[in-house]
Amino acid sequence: MSFTVAIVGRPNVGKSTLFNRLVGKKLALVDDTPGVTRDRRPGDAKLVDLKFRIIDTAGLEQSAPDSLQGRMWAQTEQAIDEADLSLFVIDAKAGLTPADETLAEMLRRRGKPVIVVANKSEARGSDGGFYDAFTLGLGEPCPISAEHGQGMLDLRDAIVAALGEERAFPPREDVAETDVDIRPAGAGGGEDEESEPAYDKTKPLRVAIVGRPNAGKSTLINRFLGEDRLLTGPEAGITRDSISVEWEWRGRTIKMFDTAGMRRKAKVQEKLEKLSVADALRAIRFAETVVIIFDATIPFEKQDLQIVDLVLREGRAAVLAFNKWDLVEDWQAVLADLREKTERLLPQARGIRAVPISGHTGYGLDRLMQAIIETDKVWNRRISTARLNRWLESQQVQHPPPAVSGRRLKLKYMTQVKARPPGFMISCTRPEAVPESYVRYLINGLRNDFDMPGVPIRVHFRAADNPFESKARKRR
């Protein structure tokens, strides 16, 4: 991206609506409730022929530094310092307020380029607010409607004028040519097409951090990053949007998603909380590995188990992190109890990796990252058809399929049809009659014999092809 733009303003003036308009997606939560946005959210924006990085910020209201509003103010100030330009959004319909004037003074002191954006200018009676914006002393305001997309061309021209042509349109870097493999797919230089592909260690890994409110999700991510990137505090439910951050661990790019705390469905009444939970669910579906944060001082609440079940039903790789380990006293006894409960209460995730950590002190974070990488390897694993069919034969010798209605089931052929998560197809007689207990037997066998702990495994059955069926039809 060529430059960075911060969107700032008091609460409920349409900052997140403008952010969504510029990134071309509904990434930020939008609601009539003031103060929806709390953390700063980055995104890749496109405005006509401009491409740039943009940061959505919390609505600015001066408060005590230790209060939630004060910590939100500090986050927004950091975004302004990172940016090359600020879009100062005002509500042209409502007109200027003392809070707008306070923000204008703060932006003037920063000494960076500022564009006053008079949003909601399509509304009747917005002219007064537009002309009042001249009194802020930050230049000519740019009238727009973020909701309807009006005034975007004028905003583009204002950005170019504020930054200058050279900064707004940096020269393109020449991309060096690289050798390209032009062999057709499958021409692997004599390699067996059934060989199991190696794990790609260079691919960025998407990780979602989920859990109940106040389990320490944002604190954990801040510890990974080594900075107070996300708002934290004793208040439950601080995080509302699913915020993504990128960093590197041992040369591997990690894209980590902080999510809103997920309460029991019956307790979620407010529209805004429902939007936050829906955003967290989207983050789970977009992620590859999901870290479920348990509070080690009160683990295995009913909601914890429901979150694990949700993650596995979505087909994601899961890792458990028992946070706040620094508050545990008899840690050996607690650890033994947690391991026993993990095996007993989560039979659908047998062998799931569970790591005691402390987001506050940093204890166990290296082991947690190793568990994430190892679980992702299993989630991506592919097994050759030859190995699977040898395994299927041995499983039937050890435990033959049961007879249903006096007729023995026959499992004839097995292959892996997908990874992420591992999915297998077995050709058999009467697939609809295979008992659930025998399906579990096969899944547990796959998990143990091919070392696939803690990831969801899908096994499907289909009717075996009958080679005599076509001849029988011809006779008819």
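Residue numbers in this text run from 1 along the chain shown.
Glycine too: its Cβ is placed from the backbone N, Cα and C atoms.
The feature domain 'EngA-type G 1' is assigned by Swiss-Prot to 3-167.
Of all the Cβ atoms in the protein chains shown, 26 others lie within 10 Å of the Cβ of GLY9 (GTP 1 binding site). Residues annotated as GTP 1 binding site in Swiss-Prot: 9-16, 56-60, 119-122.
Here Swiss-Prot flags 178-199 as region 'Disordered'.
In the predicted model, the domain 'EngA-type G 2' (205-380) has a mean pLDDT of 87. Sequence annotations record features per position, and here Swiss-Prot assigns domain 'EngA-type G 2' to 205-380.
Annotation source Swiss-Prot lists GTP 2 binding site at 211-218, 258-262, 323-326. Packing around THR259 (GTP 2 binding site) is summarised by its Cβ count: 27 other Cβ atoms lie within 10 angstroms of its Cβ, all protein chains included.
Sequence annotations record features per position, and here Swiss-Prot assigns domain 'KH-like' to 381-465.
Note on proximity: of the binding-site residues GLY211, ASN214, LYS217, THR259, MET262, the one nearest THR57 (GTP 1 binding site) is THR259, by Cα distance.
Spacing of GLY211 (GTP 2 binding site) relative to LYS15 (GTP 1 binding site) is 28 Å (Cα to Cα, whole number).
Here the CA atom of MET262 (GTP 2 binding site) lies 25 Å from the CA atom of ASN12 (GTP 1 binding site). Fewest other C-beta atoms within 10 Å: among the binding-site residues ASN12, THR57, that description fits ASN12. Neighbour counts of Cβ atoms within 10 Å were compared for the binding-site residues SER121, ASN214, and the top value is held by SER121. Following the DSSP three-state reduction, the secondary structure of TRP325 (GTP 2 binding site) is helix.
Taken residue by residue with DSSP, LYS15 (GTP 1 binding site) is part of a helix.
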